[in-house]
Amino acid sequence: QMSNSSSITEFLLLPFADTRELQLLHFALFLGIYLAALLGNGLILTAIACDHRLHTPMYFFLLNLALLDLGCISTTVPKAMANSLWDTRTISYAGCVAQVFLFPFLMSADLFLLTVMAYDRYVAICKPLHYGSLLGSRACAQMAAAAWGSGVLNAVLHTANTFSLPLCQGNAVDQFFCEITQILKLSCTDLYLREVGLLMFSAFLGFGCFVFIMLPYVQIFRAVLRIPSEQGRHKAFSTCLPHLFVVSLFLSTGMFSYLKPPSISSPSLDLVVAVLYSVVPPVVNPLTYSMRNKEFRGAV
């Protein structure tokens, strides 16, 4: 047992497996997932940067989403892969602080950006004549900057709060990356309630984003149902439903992870939930937002 946080120089992450074979299997699985995310998001970045036909608001937001997703999966997965490969569990104190900062920053910016993208789709489908005036290049840049900026602000608050707590319950984190809720379990004061309050506030913000994502989609569905052609309706639904599915998965698992009572916490449940909200969206986002798009496939 460590007496206080000042003497902690490293943290121990949750090992995925006890046997060498399973560790290597886990390494191979994560490597496959990571390469898929790199490929999908890398394709988006390259295609949008190189093809001037894709220099529209929708693709500008997609470019930002791809950057955030790449950052997000690169914050957690490579370290877990390295630990599995070298059969260790350690992460340095600085590495842990970096994960605690980067992960909420990229996740919340990701969510704010998805909210902006829902608004973009709403204007495109329901108010096409006003599209140019409502989503000019300046407005788009401001919205993207607001998403990144609010992510930074959120992360600074959480990181400062989490690492100002005295940690006296050892240094073993029950997760494959430094997750705030798992670090709070190591604290030995009631001050952690302050961070719980912050997490509640973040969850409230997340729920707000979800509402702001749902509202435009409700309007879009109403507009789509008025489309006379079966094909037009099918196209619009097949574009919007996957978006809603990804956002719902991302938010529901994230909120569950941060707000669930400790009584239903078990390492395997926590692990599955963490993979669902931290690893799956960066891999699935490129598929749902762009690969199904004819313009984009042409550019690729």
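Here the Cβ of each residue, glycine as well, is placed from N, Cα and C on the backbone.
Residues or ranges marked as transmembrane segment in TrEMBL: 24-46 (among others).
Summarising the annotation, TrEMBL assigns domain 'G-protein coupled receptors family 1 profile' to 40-289. Mean pLDDT of the predicted structure over the domain 'G-protein coupled receptors family 1 profile' (40-289): 88.
Residues 30, 33-34, 37-38, 41-42, 44-45, 48-49, 98-99, 102-103, 106-107, 109-110, 113-114, 116-117, 120-121, 124, 140, 143-144, 147-148, 176-177, 278-279, 281-283, 285-286, 289-290, 296 of the same chain, all 6+ positions outside the transmembrane segment (58-77), place their C-beta atoms under 8 angstroms from a C-beta of that stretch. Residues or ranges marked as transmembrane segment in TrEMBL: 58-77 (among others).
Under the heading transmembrane segment, TrEMBL lists 97-119 (among others). Same-chain neighbours of the transmembrane segment (97-119): 58, 61-62, 64-65, 68-69, 71-72, 75-76, 79, 91, 143-144, 146-148, 150-152, 154-156, 158-159, 162-163, 177-180, 183, 202, 205-206, 209, 212-213, 216-217, 243, 247, 250-251, 254, 277-278, 281, 289, counting only residues six or more beyond its ends whose CB sits under 8 Å from a CB of the stretch.
TrEMBL lists 196-218 (among others) with the feature transmembrane segment.
Annotation comment: TrEMBL describes 239-259 (among others) as transmembrane segment.
For 271-289 (among others), the entry in TrEMBL reads transmembrane segment. Distant neighbours of the transmembrane segment (271-289): 14, 16, 30, 33, 36-37, 40-41, 43-44, 62, 65-66, 69-70, 72-73, 76-77, 103, 107, 110, 117, 175-177, 179, 242-243, 245-246, 249-250, 253-254, 256-257; these residues of the same chain sit at least 6 beyond its ends, with a Cβ under 8 Å from one of its Cβ atoms.
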